[in-house]
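Here's what TrEMBL has on this protein:
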{"type": "REGION", "residues": "1-74", "note": "region 'Disordered'"}
{"type": "COMPBIAS", "residues": "14-25", "note": "compositional bias 'Polar residues'"}
{"type": "DOMAIN", "residues": "127-285", "note": "domain 'Exonuclease'"}
{"type": "REGION", "residues": "287-317", "note": "region 'Disordered'"}
{"type": "COMPBIAS", "residues": "295-306", "note": "compositional bias 'Basic residues'"}
Amino acid sequence: MSSERKKNPEHFQLNPNWAQLQQKLKSFAKPSRHSKNPQSETPNSILGKRKERPNSEPDDAKPNPLMPTNDDSRLYAPSKEVEVGCFDSFVVFKGYGYCNNFNAWDSKPSHICNLLNDCQMHDSVTDVLAMDCEMVGVGQGNKSALGRVTVVNKWRNVIYDEFVRPVEHVVDFRTHISGIRPRDLRKAKDFRVVQKKVAELIKGRILVGHALHNDLKALLLMHPKKDLRDTSEYQPFLKEGRRKALRHLAAEVLGVEIQNGEHCPVDDARAAMLLYSKNRKEWERSVKDQLRLKEKQKKRKQRKKPKADINHSLIAS
């Protein structure tokens, strides 16, 4: 039977879905660079030859340093059974699971990548997280309330990013700074739901950010001071004892422009995380030194207290 299969492979047809996928991949396939017939490449190219595009970006363009350094995302379907295929390894499995590669396809007819609708992407919650919030105006407009919160992990992958519906009525969306528009809050999550989720994420972890006291105040949350890494308070980032804006730190230290117009909390959180990562060893060493100094001062105070009590009792007698 196996010999018949080898001799007559045309009798064994591919799965229709797989055949359709192969056709689509072929239609998007790029022509070979080493093609011997250059004329055949020209009519198929909409943009024309690269030499005829003087304004095109060079191939060695500088990458954005804020982009994640490690794609630790996992795609999985927790709600129902699915069949998933990975183009790289051509592995197909059924049931609850995950696919390391985003080129996932649903084996059901004519639904390439439709699986994304039924699956969720989850990135690792690392020991260090960075957070940034955007505010809207409530009350008479001068009172700030949480409008959006973003949390990224140490690789700068977004693990949580939600628009938030404040408890009070929004009177000023502050779009020119926050980037938040009325349509963004129509299906936004309730403040208490977001507050609970963020509290779960940051609990027991180092929290990085810029002017974190503002973000935590908007979330009505507290976090241990020993676990806070605020780029607005880190001594080497200060100028003559004054705090610098995050966009200035990003430009000077990272060589990145952010907050040009509407703020993006994803970029802001990533910038804060990168600032911390580049200075992590020195920063953590300074934190340990400060904690040791506080412990010494605490012990000194405890030693002085008994002597003071003895002197007080002698005077009283």
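A Cβ is built for glycine as well, from the same backbone N, Cα and C atoms used for every other residue.
Mean predicted confidence for the domain 'Exonuclease' (127-285): the pLDDT average there is 95.
Across the compositional bias 'Basic residues' (295-306), DSSP assigns 12 helix, 0 strand, 0 coil.
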